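S.K.: Please see the structure below; I have some questions.
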Amino acid sequence: MAITYSSADELGNTTEGFLEIRENTSGGWKSARLIIVVQMAERFAYFGIASNLIMYLTGPLGESTAAAAANVNAWTGTVAFLPLLGGFLADSYLGRFRTIIISSSLYILGLGLLSFSTMIPSHQSKDSNQLQETIFFFSLYLVAIGQGGYNPCIKVFGADQFDGNDHKEARDKSSFFNWLMFGNCISILTTRLVSTYIQENLSWSLGFGIPSVSMLLSLFLFLLGTTSYRFSTERVGKKNPFARISRVFMEALKNRRQPDLDIANANANETLLLLAHQSSKQFRFLDRAAISCELAEIEEAKAVLRLIPIWITSVVYTIVHAQSPTFFTKQGATMDRSISPGLLVPAATLQSFINLSVVVFIPIYDRLLVPFARSFTQNSSGITTLQRIGTGIFLSILAMVLAALVETKRLQAARDELSIPMSVWWLIPQYVIFGVSDMFTMVGLQEFFYGQVPSELRSVGMALNLSIYGAGNYLSSFMISVIDKITNQYGQRSWFDNDLDQAHLDYFYWLLACLGFIGFAFYLWFAKSYVYSRSNTF
């Protein structure tokens, strides 16, 4: 049964377009904390698979380093792009709550099949190898489909537990994104320590089975909190938001030859009020839709267009971001990983330092730096989201420069045939800087795309944020394939040779640092001219 405003009032209190099932007790930190725990369980499951995926592909499945890295990037890119479809279905038809439940079920099925695929004997015959690979990749992409609905909706559903019109809850909403990442990083840190050890030292089947149980727990906990949630009523009594925005573009195109006088006379009073706002002075060609569209609908279309330059210029950051679970891990596998005689640190565990740095820095940022900055800027988030994103992009470039320098030193040590290999601890600084970079950019992008899209499109807004990582992974995969082909010609060693001591990851890292710097320059230019679509800029 569709919820109407009259029935909403009978069920509970409606605030900022949200339905409270229990008046004065629904939503807020009580519900948000549960959602943080729910996603912690999901992140444990996802990174229990993703963190060590390249080691499984190059190990039991026998793929080359370049092919495995390309497969990881392609899958990660798919995981990041499918939320666009999931967000569309949630915002247009299913709603976030139902989408989370359906996608969680698919997610659990995919993880279960993934664990099953590792039990199939892979070396008995060619047919058994083919069967194992088929089930493995089918289940891997079923997990991606589950992620497509789950990931954009759970974050938005958590943020929706706060009323943006209430000053205190608006600050809490900004803080929610920080603590969501804090919880996620604790979970990711745990799974990288536990799951990767089990996978490499005990059993891949058990190592992939534990994430299945974790995701089952996530769904159970989410359903447990049903009566305490606020549910969005933004779409009640309104047209499909995609249809509204599409209509604006179509009408603007149809009226492109209409005299300006006709446009000025359309909804004249409303036009004068809206054009006083700076954001309405951008993309004036869309004002031609005012003859048949409401001015609020035109502003929604403009808000979506303003996101495109920020989306494009953030992609270079995500190309850099794609290297930590692939080449950083393979790089670490060639180094001295011994802690004590007989005890080696799994290479994938090194990624834990990214999460550890986030866990350490987020409380400092949220409790010290944000209040300090807020006293000067009067911004509820301390600094604007674009400033936060830009800081993270700069740090990612710095991390890539450091990675190139360390790899140059590692290659020198390997080619000098030193009796003691270079210690893996040389990689820790680049992981730590990456972690701090993620804390700024990942949270900043979440806040930005949540706050700058029309309120009815927040699932799609979060999906746009995730799709940046998809674009980065796809472009990284494409770059690797092209560079591998070019550098492998005429009998030369590829930059990504299976023997990393003969490869040139240092050249690749320098290339990424240069691309990152160019992208950062363009980002600064677009960010400087960006006009926020709301006074509340998170």
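One-based numbering along the chain as shown.
Each Cβ is built from the backbone N, Cα and C atoms, and glycine gets one as well.
Annotations for this protein, taken from Swiss-Prot, read as follows:
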TRANSMEM  44-64  transmembrane segment
TRANSMEM  74-94  transmembrane segment
MOD_RES   Thr99  phosphothreonine
TRANSMEM  100-120  transmembrane segment
TRANSMEM  134-154  transmembrane segment
TRANSMEM  175-194  transmembrane segment
TRANSMEM  204-224  transmembrane segment
TRANSMEM  308-328  transmembrane segment
TRANSMEM  342-362  transmembrane segment
TRANSMEM  389-409  transmembrane segment
TRANSMEM  424-444  transmembrane segment
TRANSMEM  463-483  transmembrane segment
TRANSMEM  507-527  transmembrane segment
S.K.: With CB pairs under 8 Å as the measure, which of the listed stretches 100-120, 308-328, 424-444 comes out on top against the transmembrane segment (134-154)?
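M.R.: Between the stretches 100-120, 308-328, 424-444, 100-120 has the largest tally.
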S.K.: Assess whether the transmembrane segment (100-120) lies in contact with the transmembrane segment (507-527), where contact requires at least three Cβ pairs under 8 Å among residues 6 or more apart in sequence.
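M.R.: These two stretches do not touch.
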S.K.: Should the transmembrane segment (308-328) and the transmembrane segment (175-194) be scored as in contact, given a threshold of at least 3 Cβ pairs under 8 Å and pairs 6 or more apart?
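M.R.: As far as Cβ distances go (cut-off 8 Å, pairs 6 or more apart), the transmembrane segment (308-328) and the transmembrane segment (175-194) do not touch.
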S.K.: Between the transmembrane segment (424-444) and the transmembrane segment (389-409), are there at least three Cβ pairs closer than 8 Å, leaving out pairs fewer than 6 positions apart?
M.R.: yes
S.K.: When you look at the transmembrane segment (74-94) alongside the transmembrane segment (463-483), do they share 3+ Cβ pairs under 8 Å, ignoring any pair fewer than 6 residues apart in sequence?
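M.R.: Yes, these stretches are in contact.
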S.K.: Determine which recorded stretch among 44-64, 74-94, 175-194, 204-224, 389-409 has the most C-beta pairs below 8 angstroms with the transmembrane segment (342-362).
M.R.: 175-194
S.K.: Between the stretches 175-194, 204-224, 507-527, which wins on the count of C-beta pairs under 8 angstroms to the transmembrane segment (389-409)?
M.R.: 507-527
S.K.: Against the transmembrane segment (175-194), which of these stretches has the most C-beta pairs under 8 Å: 44-64, 204-224, 507-527?
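M.R.: Maximum Cβ contact count belongs to 44-64.
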S.K.: Using all protein chains in view, find how many other C-beta atoms are within 10 Å of the C-beta of Thr99 (phosphothreonine).
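M.R.: If we count other Cβ atoms within 10 Å of Thr99 (phosphothreonine), we arrive at 24.
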S.K.: Would you kindly list the residues that approach the transmembrane segment (204-224) from elsewhere in its chain, counting only those six or more residues past its ends and only Cβ-Cβ distances under 8 Å?
M.R.: 34-35, 37-39, 41-42, 44-46, 48-49, 52, 56, 60, 100-101, 104-105, 107-108, 111-112, 114-115, 118-119, 191, 194-196, 198
S.K.: Given a Cβ distance threshold of under 8 angstroms, which distant residues of the chain, six or more beyond its ends, lie next to the transmembrane segment (74-94)?
M.R.: 50, 53, 102-103, 140-141, 143-145, 147-153, 235, 240-242, 322, 325, 456-464, 466-474, 477
